Amino acid sequence: MDKTQVKKRIEKLKQEIEKYRYAYHVLDKSLISDAAQDSLKNELQKLENEHSEFITPDSPTQRMAGQPLDKFNKVRHSTPMTSLFDAFSREDMHDWEKRMKKIINPTTSPEPSLSKGEGGIRERRGSSPPYEGGVRGGYYAELKLDGLAVALVYEKGRFITGATRGDGRVGEDVTQNLKTIEAIPLVLRRPENRELKNIGLSGPAIKIFYQALAAGRLEARGEAIMTNKVFKELNLENKKAGKPLLANPRNAAAGSIRQLDSKLTASRRLDCYIYSLLPPLIWSAGGAGEEGFFNSHEQEHKLAELLGFKVLKQNKLCLNLDEAIKYHDYWEKRRDQVPFDCDGVVIVVNDLKLWPKLGFVGKGPRFMMAYKFAAEEATTKIKDVIWQVGRTGVLTPTAELTPVSIYGVTVSRATLHNLDEINRLGIKIGDTVIIERAGDVIPKVVKVLPNLRVGAEKAIKAPLECPMCGGWVERVKNEVAYRCVNKNCYAVNLRRLRHWAGKNTIDIEGLGPKIIEQLVKQGLVRDPSDFYKLTAGDLIPLERFAEKSADNLIKAISARKEVDLVRLLYALGIRHVGEETAQFLAKQFSIFNFSAQGGSACGGQFSIKDLIKYFVEMSSEKLQKLPDVGPVVAKSIYDWFHDKHNLELLRKLAANGLTIKSPAGQAEEKLAGKVFVLTGGLDKLTRDQAKAKIRELGGEVSSSVSKNTDYVVAGAEPGGKLEKAKKLGVKVIDEEEFLKLLG
């Protein structure tokens, strides 16, 4: 063959191999034998070895890299990979629906024609959306896989980046490892026209879809898992080879994805199921006619399958919440019949148009709920009870147990929460108890078996002193917790310092728990302000430090001298102030400082003096008037800023060079409350940059046009959203006007 013929043969082989991959992994059809498919792959490999100029990243031969990596690079997610809220009972689920109905105010609609399906769930016939006095469009119920969440990014139909969830905002680049998973397409399948019509697309919408597929960006999110069958086979192989056994499929999948050598990942034979495309309305055809819209999460799943992704066959469209709960109950009884671990059911509002209205609360979406299966339980004995000290001084009782395996994990400790819970359950040292991994994660004692007592059991008494410092312990009025009140408690201080330097707070690279402990023991650090006085000379005498590593840590600390206000407020460790409350307080402080009421912030930067002045002058009553701040949180904030030790800490931080970034400055209010929709290509900004600018200035970005939209920004070759904006009378601006608006 000449080179032209070789190139054509390679392309045909790639297409043929992808066809069989799609049939086997997505459609569960085996069109040819494994041996025949291996023969095609071998031929492709041989041709590419002889003609390396024709090797492309999407070739099946490129699923495995040759050289192991030194480390994983970080990847910032285009949209945060949020976590879901958990429900553990029918009451939790009905409460969730009630909260949503208050927001969306649904109206009644006739019940559609439905037929019984698997597990008593009804399947839709015709085009009538499920609705029965609940949430419009019903719910889409999906088995909740217990694996590792991953994000797959495609550009122009080709897989370019794969990342782990990480902290939700930043994950690790594991592209090469994800390429080894056959269920993940390296190039997206191009659905046929009739297939798109079958899932609700028609006319102009199909044309827009093909254009986007050929030239646009798509992100798929899903779960990388190890099936139970593969898990058992690998452990059998490890046992025969005298190697350590894998603990459980979830840990095995997560560990496999994070291997620096992709050959090891490939040997683990992982699988991957997709549950969403980003953004969720990415294939909505704007104003291409209402019939051309993708209105549902169910259709999103169907599209994912047409694109070549693997989706769960067990997922179901449910008429209403009761049907979704039946689906949950059906699979809870049969969880051992599915080929992988699942720890519950994700119940999703099916109508995508309701998603923007429902929005997010805290870190999770309102339109989804993880309805967990009952946790697996086991019995064991309590050998002892120890009291652990947290960063706010709270003493938490922890049971030391005779080790027992639950859900593939060996459990030797379980939380007892507090003394009230101990007394409620009647727990004693020496008791035989039932423990569960609540939500399949946190071990806790749920029941005592008193009939198995032998008379040697001992009562658990309230702590009289701190187990770490020997200081005075008190029970705060109207609280269940006991607290160490010694402000110099070693354990409390150590945990506060770890919290300060942590990933979600100041994020000082290289300043881990062991180093902090050394610094405290050597008397170099007593509070967070001391971090900023350290020198390389202080560090070199410490264990595991040399001149270079000492210099690196000092540089890392110095790099965090200018901190984000949200991170600072969270890092201070104020009781009841988590990341979300810190974010809200930072916003209120920003507005105040750039208003006519005062504040000395200038040059885009606040001072710690401003921070002290603002909160010291705020009474508990004033704090309670702020939205989402109740009396408990208000009192905690008030008490913290009226404690002389805390104010002294802030002054020392300022004296040692710590400054506060302005989150958005005076411009924050500029676009506050304004909702933008972007359509078409922009010349001077990428789509992501435009979204970031809007959000920095206090505005919101929506993926669909509605009466609530303030501006539609129309770039080159705008989609159907432009027509819908005109139809609804929404203001349309071009890129030049948009840039002027941004200032």
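Just so it is clear, glycine is given a Cβ too, placed from its N, Cα and C backbone atoms.
Automated prediction, rather than curation, is the source of TrEMBL annotations.
The model shown is predicted, which means the values in this text are computed figures rather than measured ones.
Cβ neighbour count for Ser83 (NAD(+) binding site) (all protein chains, 10 Å cutoff from its Cβ): 14. Taken from TrEMBL, the feature NAD(+) binding site covers Ser83, Leu84, Glu142, Arg165, Glu223, Lys372.
Here TrEMBL flags 102-133 as region 'Disordered'.
Sequence annotations record features per position, and here TrEMBL assigns active site, N6-AMP-lysine intermediate to Lys144. Lys144 (active site, N6-AMP-lysine intermediate) falls within a strand when secondary structure is assigned with DSSP.
In the three-state DSSP assignment, the secondary structure recorded for Cys466 (Zn(2+) binding site) is coil. Residues or ranges marked as Zn(2+) binding site in TrEMBL: Cys466, Cys469, Cys484, Cys489.
Per TrEMBL, the feature domain 'BRCT' maps to 666-743.
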Judged by other C-beta atoms within 10 Å of its C-beta, the most isolated of the binding-site residues Cys469, Cys484, Cys489 is Cys469
Argmin Cα dist to Ser83 (NAD(+) binding site) over the recorded positions Lys144, Cys466, Cys469 returns Lys144
Neighbours of Glu223 (NAD(+) binding site) among recorded positions Lys144, Cys466, Cys469, Cys484, Cys489 (C-alpha cutoff 10 angstroms), in sequence order, are Lys144
Record-listed NAD(+) binders Ser83, Leu84, Glu142, Arg165, Glu223, Lys372 have a maximum CA to CA distance, in Å, of 20
DSSP says Leu84 (NAD(+) binding site), in three-state terms, is coil
Lys144 (active site, N6-AMP-lysine intermediate) to Lys372 (NAD(+) binding site), Cα to Cα, whole Å, comes out at 8
